[in-house]
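Inspection log for the structure reproduced underneath, given as structure tokens.
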Amino acid sequence: MTSYIERLKSAASYLDTVPDEHHDFRKPTAKVVTTQLTIATSLGIFALLSFSILLKKWPRLYASRRYKDDGNLRLPSWNQSSLFGWLTVLYKIRDEQILEYAGLDAYVFLSFFKMCIKLLSIFCFFSVCVISPVRYHFTGKIDDGNDDDDSESSLIHLVKRIVEGSGDGDNHSAPERTNVYLWMYVLFTYFFTFIAIKMAVAETKHVVSTRQAYLGKQNTITDRTIRLSGIPIELRDSEALKTRIEQLKIGTVSSITICREWGPLNKLFHCRKKILKNLELKYSECPRELRTRQPYSENYHLLGNEQSGAVTHGENVPSSNNNDEDTILYSQISLGERPKMKIGYRGIFGKEVDAIEYLEQQLKFIDAEIIEARKQHYSATPTAFVTMDSVANAQMAAQAVLDPRVHYFITRLAPAPHDIKWDHVCLSRKDRLTKVYSTTVFIGLSSLFLVIPVSYLATLLNLKTLSKFWPSVGQLLKDHQWAANIVTGLLPTYLFTLLNFGIPYFYEYLTSYQGLVSYSEEEISLVSKNFFYIFVNLFLVFTLAGTASNYWAYLSDTTKIAYQLATSVKEFSLFYVDLIILQGIGMFPFKLLLVGSLIGFPLVKIKAKTPRQRNELYNPPIFNFGLQLPQPILILIITLIYSVMSTKILTSGLAYFIIGFYVYKYQLIFATDHLPHSTGKVWPLIFRRIIVGLLLFQLTMTGTLAGFEGGWVLSSCLFPLPVVTLCFLYDFEKNYLPLSKYIALSSIREYERDNSTVNSANEEESYAYPYAVSELEGPMLD
């Protein structure tokens, strides 16, 4: 009896300690997760309803590709009177139609989401049916993490302490002994790793085969062209370069464009574009009947003629003199209603002149300058676009080593003509390298600088630290539990959502000045930059939540890394549940609203005064993988890391990818354009980051198992996994990567035999420098 009373006292003393614990933001209660789910669901439903209503009202804004369609795509339609009719149509669109409607890049992007849905569905099944029940049987916890801070889990601990007789307080802090159920962790770490690798490899084979079949049918000028860099000075001439390439017996050259330092011509065209835009605006402000002086041009110029001519004309026709004077007077009055402008500094100072006449003179002047500039000689750069006579010859040339010297005659497949950034192509080698390295260094320094606010944010959101800096706020949170839950449970996810909203656009801006020669190269580079930022800042820095001294300590003693990572991961489990719920259920549906276009549309519509601006008003927004892809990859990595430990994160991640798949599917097919010509080359970036996620998963599980008494035996069982994982990465780099970059000759020859190669609708494109050959168009008037 005394023993039983002692157990009750011990359990009561344990319960007394629960309410007094400071609620760390890394350990939000399950009630906070429920609140987050309610908020996110409400936001998601609101966004879905709003989009469905706005789609009916403004179909040209939210389904702009249907109206831009020239008849070749034949995008599916739905009943406009139905509020949710678009959902059924979207669901029925097959993979082959995605490839037809949105292109190869969109197909690869959505294939990644489909793979994640299949993978997490398998993980969720085993987690719900096997892992969680076994773990609950042995520990009384559904998930392995600090998710037991609410009253329900406290009751579970109370019962276990009474039944097991663990009244000694020392046992609460002692290392947990190794249990039989921990071998389940080892088993499922192996199982989940091999399932993930198997599905990633299977999806790689699928993407590669689809890419080979899709691109093997193409016979466009883009598919026949290579970009040649490192051209020696003596060969920077079209005829000499053509002769040298054909001497190598790799095919016949159809055409060559030597890139030159056309910088002055670029500046003239940029200036002309501004003048043309201002001229069209002034025409739009002018009454239609006064836009041209043609009816009064003769009389208008008479004002500047010699009086003798006018007198002579008047002597012969005296009856018309009064009519001419009336016409001149009318012309002066009418022309006074035309728009005026000052030609001084920024249009504020200087003489006031007729705006249309002045801008037309400026346009004629700069056109003359451009015509003259086109005749000038410009120094050749070491880059050229070489169009071969066949796709097969272009593929062989792109994969061949043409010169024994280093950095000479380097071949790559050429981007599409519309994908080229000619301002960067025209740069000299010195200027381009300066841009590349200076921008890279600046981005690296910016990334390091951003570690500081993130780490401080992670520290300051701790209730103890808040009390130290703001005692009144800390006391308020201690007195009001609901406020503490909001600040330490919900606030971090929203702050990080805001913090990670603007930084990717900042990196996009910096990348545009990096000197890359095509938009597709910028896009792929942006994927790497943004993923590095959110992975380092949102995951590593925020999870470890320490200062620079902590990181150096981890590096000095590498044995601490796995254990510290496992400990931090456990503490952050419900934080990541909150984050994934908010991003997936709450924020994803808002992407359908195209908030930027929605907010800016009324303003842009008001400012759209010229026919050119009105034509561009309903142009679809540009879909940039560099902005959209990094976060889903990070969410997949987080779910992989927690796959054995947290059923909540697995189910949240599954919901994230299901919602994301249909949101992006709609955007890529109906609402946005993807202009860069990257031909599915984003898949290698995805595969490598899946491998990184698996390695972190294995490292975390090693640290988790090592934390138990005698856990070194279990941890040592996982040592082969990283080696096996890296072997699959090596196999991918050696065998699959070339097929992700190039087209196999057998794929090309197969479709050549079938006579089914596709001559693209863009055959009018060429690699001629556009500013050297394009027409000098006049203002567009309505």
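A Cβ is built for glycine as well, from the same backbone N, Cα and C atoms used for every other residue.
Per Swiss-Prot, the feature topological domain 'Extracellular' maps to 1-34 (among others). The average per-residue pLDDT of the prediction over the topological domain 'Extracellular' (1-34) is 49, rounded to a whole number.
Packing against the transmembrane segment (35-55) from elsewhere in the chain are residues 61-63, 83-84, 86, 485, 489-490, 493, 577-578, 581-582, 584-590, 592-593, 598, 659: each is 6 or more residues past its ends and has a CB under 8 Å from a CB in it. Per Swiss-Prot, the feature transmembrane segment maps to 35-55 (among others); the stated evidence is sequence analysis.
Here Swiss-Prot flags 56-116 (among others) as topological domain 'Cytoplasmic'.
Per Swiss-Prot, the feature transmembrane segment maps to 117-139 (among others).
Under the heading topological domain 'Extracellular', Swiss-Prot lists 140-181 (among others).
As annotated by Swiss-Prot, N-linked glycosylation site applies to Asn171, with the evidence given as sequence analysis.
Residues or ranges marked as transmembrane segment by Swiss-Prot: 182-202 (among others). Sequence-distant contacts of the transmembrane segment (182-202) (same chain, six or more residues past either end, CB-CB distance under 8 Å): 115, 118-119, 122-123, 126, 130-131, 134-135, 640, 643-644, 687, 690-691, 694, 697-698, 701, 704-705, 708, 711, 714, 717-718, 721, 724-725, 728, 732.
The topological domain 'Cytoplasmic' annotation in Swiss-Prot covers 203-440 (among others) and rests on sequence analysis.
The feature transmembrane segment is assigned by Swiss-Prot to 441-461 (among others).
Swiss-Prot lists 462-485 (among others) with the feature topological domain 'Extracellular', giving sequence analysis as the kind of evidence.
Marked as transmembrane segment by Swiss-Prot: 486-506 (among others).
Summarised by DSSP class, the composition of the topological domain 'Cytoplasmic' (507-530) is 17 helix, 1 strand, 6 coil. Look at Swiss-Prot and you will find 507-530 (among others) tagged as topological domain 'Cytoplasmic', backed by sequence analysis.
Sequence annotations record features per position, and here Swiss-Prot assigns transmembrane segment to 531-551 (among others).
According to Swiss-Prot, the topological domain 'Extracellular' annotation covers 552-578 (among others).
Under the heading transmembrane segment, Swiss-Prot lists 579-599 (among others), citing sequence analysis as support.
Here Swiss-Prot flags 600-621 (among others) as topological domain 'Cytoplasmic', drawing on sequence analysis. Beyond the topological domain 'Cytoplasmic' (600-621), the same-chain residues lying 6 or more positions past its ends with a Cβ under 8 Å from any Cβ of the stretch are 58, 60-61, 64-65, 67-68, 277, 280-281, 283-285, 594, 671-673, 780-782.
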Given the transmembrane segment (622-642), which of the listed stretches 117-139, 579-599, 682-702 has the most Cβ pairs that are under 8 Å apart from it? 682-702
Counting only residues 6 or more past its boundaries, what in the same chain has a CB within less than 8 Å of a CB in the transmembrane segment (579-599)? 33, 36-37, 39-41, 43-45, 47-48, 50-51, 54, 61-62, 493-494, 496-497, 621, 631, 635, 638-639, 649, 652-653, 655-657, 659-660, 663-664, 666-667, 671
